[in-house]
Amino acid sequence: MTKARIGVTGLAVMGRNLARNLARHGHPVAVHNRTAARTKALIEEYGDEGTFIPAETPEEFVASLERPRRLVIMVKAGAPTDAVIEEFAPLLEPGDMIVDGGNAHFADTRRREAALRERGLHFVGTGISGGEEGALHGPSIMPGGSAESYEALGPLLEDIAAKVDGTPCCTHVGPDGAGHFVKMVHNGIEYADMQLIAESYDLLRHAAGLSPAEIAEVFRTWNTGRLESYLIEITAEVLAHTDAATGRPFVDVVLDQAEQKGTGRWTVQTALDLGIPVSGIAEAVFARSVSGHAELRRAARNLPGPQNDVRYLSGFADDVEQALYASKVIAYAQGFHQIQAASAEYGWGIDLAKMATIWRGGCIIRARFLDRIRAAYEADPRTPTLLTDDHFAEAVGAAQDAWRRVVATAAQLGIPAPGFSSALAYYDSLRAERLPAALTQGQRDFFGAHTYRRVDREGSFHTLWSGDRSEVEA
Ligand code: 6PG
């Protein structure tokens, strides 16, 4: 009987589409689902797409896999993933591998990888980005795990991944939880990107007075230039869409409370632990949170706002394009800084240029722009920030006047733009020769004797605030 080269258990849409993608590429794939009806439905509907080997039980599923066994689990993150691991691990033999293709928290992946390594098994936490369509037609794939497991898995995953200029959007990210970490930051950047697009729409709608259909055209135009990306492309589609039930613009009938499954929140929590400022991602997470506080918003609805109702018609859309581009560079620079810091913290050895390379296609943040980021990290893998790369320094510098006008306009008109304004604040903070943090240090020393350092000599100091205010070496 033909042995399967790889197996997928968990045949909800993502798992089913991943199995179909593997089969379409000529790889015999074993398929299993706790509810056998799902497996049956897959074979009935798509059985002609390639060689599927259905299994009703975990034992049957494992027996159908060639050695070393490659078993992909596509189930909900958290406890369901642990349950499936426990169901299959006892059936596997040393050298076999379990691939977790869900959006697991990287700390869980590190724990699982260590535990399964003890049992001679490889555990490969793998980010898979691109949604259901990506899983079927070519996702961006971010596997972690051991180098040995990538030898067995890499050719398969690269075969089914999206390709850009013939290069697969898949590479070995690094050991243990590195893959899921990078996927988490991908999602954090996705949040920031989406927030900046939302603010661009809000400004064009309520400062420039454009209609959703007119704004859709603006986004379509932007998608032919440096902002070309999947998110810009789908934004034009969403804004051009008319609600069939009412004939009104679709965006006007959707409840304005954004939800979130959690990967953006994890990104910010992890960045706080690492001490890396990801203000763009944080503002995006909080903007979704604010939108969900209906009670709070109702209570504050009639708070006084600005009087002037300025209408910027000529040139404002171009200003917003520049503000969007500059703020996007900031968000990506912060995300890559976080990956760089985690790689150093956990000894992952992540190649940032390769991360930009595999994000050029297949994933939700796929964009022409990522090729520039790839070039920047290839030119200087250790650069502390993308912002000092010649291309980005010049582009953001040239955009800053427009960017400042947009932030000022938003403030004057009372249109919330936390993404644009925090990105500008981050840019100006990095540029500043002196920051007001000196005053913060003085305050901390005054009320808590937390000491401070000086600009003119080494050491830590404390001023005797409640005494003669002389300074002592701490
Ligand atoms: C992807 C997507 C995917 C999922 C988001 C939704 O990379 O394919 O990011 O992971 O659609 O995580 O996340 P929220 O519900 O948090 O927006």
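Glycine is treated like the rest: Cβ placed from N, Cα and C.
Bear in mind that TrEMBL entries carry predicted annotations, made automatically and left uncurated.
Marked as active site, proton acceptor by TrEMBL: K183. In the structure as shown, the Cβ atom of K183 (active site, proton acceptor) sits within 10 Å of 29 other Cβ atoms.
Residue density at E190 (active site, proton donor): 23 other Cβ atoms are found within 10 A of its Cβ, drawing on all protein chains shown. The feature active site, proton donor is assigned by TrEMBL to E190.
Look at TrEMBL and you will find G10, L11, A12, V13, M14, G15, N33, R34, T35, V75, K76, A77, N103 tagged as NADP(+) binding site. Annotation note: G10 (NADP(+) binding site) sits in a coil segment as assigned by DSSP.
The feature substrate binding site is assigned by TrEMBL to N103, S129, G130, G131, H186, N187, Y191, K261, R288, R444, H450. Within the same chain, residues at least 6 positions away in sequence whose Cβ sits under 8 Å from that of R288 (substrate binding site) are Y191, Q195, A258, E259, Q260, G264.
Within the model, the domain '6-phosphogluconate dehydrogenase C-terminal' (179-466) shows a mean pLDDT value of 97, rounded to a whole number. Taken from TrEMBL, the feature domain '6-phosphogluconate dehydrogenase C-terminal' applies to 179-466.
Among the recorded positions N33, G130, K183, Y191, R288, H450, the residues whose Cβ sits under 6 Å from any atom of ligand 1 are G130. Residues G10, L11, A12, V13, M14, G15, N33, R34, T35, V75, K76, A77, N103 are recorded as binding NADP(+); their most distant pair of Cα atoms lies 22 Å apart.
Closest to K183 (active site, proton acceptor) in space, going by CA atoms and restricting to the recorded positions A12, N33, T35, N103, E190, is N103. For the pair H186 (substrate binding site) and N103 (NADP(+) binding site), the C-alpha distance works out to 11 angstrom. On the backbone, the CA of G10 (NADP(+) binding site) and the CA of H450 (substrate binding site) stand 53 Å apart. Note: the Cα of N33 (NADP(+) binding site) and the Cα of H450 (substrate binding site) are spaced 58 Å from each other.
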